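Enquirer: Just passing along the structure, written as structure tokens.
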Amino acid sequence: MARIYNFSPGPSVLPAPVLEKAREDLRGWRSTGITVMEMSHRGKDFIGIAEKATADLRELLEIPQNYKVLFLAGGASAQFAAVPLNLLRGKTKVSYVSTGYWSEKAIAEARLFGEVQVSASGKESNFTTIPPRPQWNVDPDAAYLHYTANETIGGVEFQAAPEADGLPLVADMSSNILSRPVEVGRFGLIYASAQKNIGLPGLAVVIVREDLIGQALPGTPSTFDYRRQAAEGSMVNTPPTYSWYVAGLMVEWLKEQGGLKAIEARNIRKAEKLYAAIDALPFYSNPVDPAVRSRMNVPFHLADAALETPFLAEAKEAGLAYLEGHRSVGGLRASIYNAMPEEGVDALISFMREFERKRG
Ligand SMILES: *Cc1c(COP(=O)(O)O)cnc(C)c1O
């Protein structure tokens with residue numbers, strides 16, 4: 001199979017060594033005579049895989065002891081509901097910052113369970129920037145403050161965790177978790193669906209401070225109850241075992257790459273050269289405020305939108321695929337997660353220069 005460079009926003013590219021390891025294990029897990037996807041989640045083999053993945057993730061992200069790490073089904077979308085169900089804790093209000101498509105999704109779901117105060121919104125700028133922190137209006141009675149660390153569609157990324165005025169800070173890190181170091185101790189809860197930087201879809205990783213759990217809203221389904229899931233090792237239901245296993249391989253791979261500081265340095269290099277290529281030619285443009293441009297998802301437009309179709313077709317011919325923008329915004333987008341090699345970004349930049357030379 002000839003590999004191409006896969007710029008898909010998610011499910012997305014996996015590192016070649018992770019695919020190799022998974023392929024090897026498909027011949028049979030150790031001496032069991034079966035594969036990981038065929039084994040019981042309660043058997044000692046899978047428990048070993050799950051515990052190692054959890055321990056490695058704790059080490060990589062330097063997760064303090066007073067945090068639980070959960071591996072739950074339903075992706076980040078299920079967490080849009082689970083977060084208010086678990087974290088309202090007798091309060092009625094929650095504060096959300098809206099920076100684009102995924103914030104809006106999280107807000108809509110939270111409205112099913114509580115009163116949502118939108119503390120700040122980037123809507124006026126068409127979500128091309130993040131309102132400066134001093135302009136936010138955070139309700140001191142809110143149960144928590146929620147933000148989307150990286151907007152996968154709009155390409156807007158917080159470059160640091162915002163100040164939460166003493167409220168538990170909650171972040172959807174689906175599309176930038178493990179792309180840079182984070183200080184977990186500043187957060188009440190971090191969640192991320194896995195299919196961007198942690199492997200396969202269907203899984204969400206939830207990192208939650210212990211004192212925030214145990215007061216779920218009456219009527220909370222047991223699979224959504226963090227206390228129950230924590231007490232039962234994320235196995236109130238059968239977890240997405242294969243996605244959990246691949247998450248373990250991803251974390252192992254990141255440790256081999258030198259950890260989060262090393263991957264961050266590579267991510268900065270990749271993003272900087274791609275934005276520089278876009279900014280260098282009037283033929284291409286990126287609408288996002290340079291101070292908050294995403295290192296993971298780079299949306300861009302062609303000055304002549306009619307050239308997008310040939311751009312995509314010729315890029316695909318050149319082995320550069322899945323560059324279409326999200327259906328809600330159009331244009332083009334290159335997702336350059338941890339697993340996108342630097343050579344992939346270099347190849348895209350060369351292609352863009354060549355396309356401009358021919359068609360510009
Ligand atoms: C992809 C994504 C989601 C949704 O993930 P699902 O697995 O489809 O639930 C939520 N938030 C962000 C920031 C995302 O990138």
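Cβ coordinates come from backbone N, Cα and C, glycine included.
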Enquirer: For the pyridoxal 5'-phosphate site that TrEMBL describes with ALA76, SER77, THR152, ASP172, GLN195, ASN237, THR238, which of these is also annotated: TRP29, TRP102?
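Expert: Between TRP29, TRP102, TrEMBL records just one in the pyridoxal 5'-phosphate site with ALA76, SER77, THR152, ASP172, GLN195, ASN237, THR238, namely TRP102.
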Enquirer: Listed pyridoxal 5'-phosphate-binding residues ALA76, SER77, TRP102, THR152, ASP172, GLN195, ASN237, THR238 - what's their greatest C-alpha to C-alpha distance in Å?
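Expert: Maximum Cα-Cα distance: 29 Å.
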Enquirer: Please report the Cα separation of ALA76 (pyridoxal 5'-phosphate binding site) and ARG42 (L-glutamate binding site) in Å, rounded to an integer.
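Expert: Counting only the Cα atoms, the answer is 24 Å.
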Enquirer: Can you grab the distance from ASN237 (pyridoxal 5'-phosphate binding site) over to ARG42 (L-glutamate binding site)? Cα atoms, rounded to a whole Å.
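Expert: Counting only the Cα atoms, the answer is 11 Å.
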Enquirer: Including all protein chains displayed, how many Cβ atoms other than that of THR152 (pyridoxal 5'-phosphate binding site) lie within 10 Å of its Cβ?
Expert: 27
Enquirer: Tell me, how many other CB atoms lie within 10 A of the CB of TRP102 (pyridoxal 5'-phosphate binding site), whichever protein chain they belong to?
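Expert: A 10 Å sphere around the Cβ of TRP102 (pyridoxal 5'-phosphate binding site) contains 22 other Cβ atoms.
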Enquirer: Running a distance check here. Ligand 1 versus the binding-site residues SER77, ASP172, THR238: which have CB less than 6 Å from one of its atoms?
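Expert: Passing the 6 Å Cβ check against ligand 1: SER77, ASP172.
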